[in-house]
Amino acid sequence: MAWWKAWVEQEGVTVKGSPHFSPDPDAEILYKAMKGIGTNEQAITDVLTKRSNAQRQQISKSFKAQFGKDLTETLKSELSGKFERLIEALMYPPYRYEAKELHDAMKGLGTKEGVIIEILASRTKHQLREIMKAYEEDYGSSLEEDIQADTSGYLERILVCLLQGSRDDVSGFVDPGLALQDAQDLYAAGEKIHGTDEMKFITILCTRSATHLMRVFEEYEKIANKSIEDSIKSETHGSLEEAMLTVVKCTRNLHSYFAERLHYAMKGAGTRDGTLIRNIVSRSEIDLNLIKGQFKKMYGKTLSSMIMDDTSGDYKNALLSLVGSDP
């Protein structure tokens, strides 16, 4: 499944929202769940994980109109830990949420390059534009300029190139001659020479459409006798390698890429909760069902069984509610 097709598929949605929706009663349930001593976390989970993002925004408005308080701030003051982090993520409008994740990845000491790479390499041109707009509105600075200030070298260049969203081409047109030329150029820029012409890799990976790149990867394998992934691994390292490989993975199969991210979040000791929350929340109204199917195929177990083993309490219940029944 090419990445630019993935976001239009209805059957991919795990959180469809409530068909008989009315924001006022929901706002009241949430108010009662947080009133007085103690908090009814289950009631909060039942409402917020079973409503679409658009419905959550309406509940938020109703909550303020009825009770004179900001819903997200009230939730944050009543909840704690990972459950709070997940519920807060659900309350953000989609593009503002991704803008926040990018902002958090760059603020303070050190940069979480993995988060920036994941978001920039897997989103469509339209999605990237909306994220940039939300970023500027919420943080008063340009996402592109902040990325430039926070990264350097070829990593900075590939991220800025990805941000332009030049890979979108839904026409599916492929020029076989250009695909072959690109494959030869990649071979000449890497395997054939001592050292690597990184810019050539970046330009081709970031400006060609997914359908075109699939053809390039095929031609490349014929010329180099190895996959483009293997060449990237031997020619580059660190965050630049991760960025290039992510573009290749999202081009080959977007759902496999997200399945891999979710598996990475839970494998081994400890859980990378930021990655787990971000990918479940941001894909729940796009293609999480299709990601679940791919996850089972790749890892021989269901996404929800891994969540059950890896998380606990209200946090676990809310994640499972978002993920929905097993494929």
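A Cβ is built for glycine as well, from the same backbone N, Cα and C atoms used for every other residue.
Positions annotated as Ca(2+) binding site by TrEMBL: M266, G268, G270, D310.
Shown on the structure are the features that TrEMBL records.
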residue	record	contacts (Cβ under 8 Å, 6+ apart)
M266	Ca(2+) binding site	R272, L276, M306, I307, D309, D310
G268	Ca(2+) binding site	none
G270	Ca(2+) binding site	none
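Every protein chain considered, the tally of other Cβ atoms within 10 Å of the Cβ of D310 (Ca(2+) binding site) stands at 16. One way to see the shell of the Ca(2+) site is to take the Cβ centroid of M266, G268, G270, D310; the remaining same-chain residues with a Cβ within 8 Å of it are A265, K267, A269, T271, R272.
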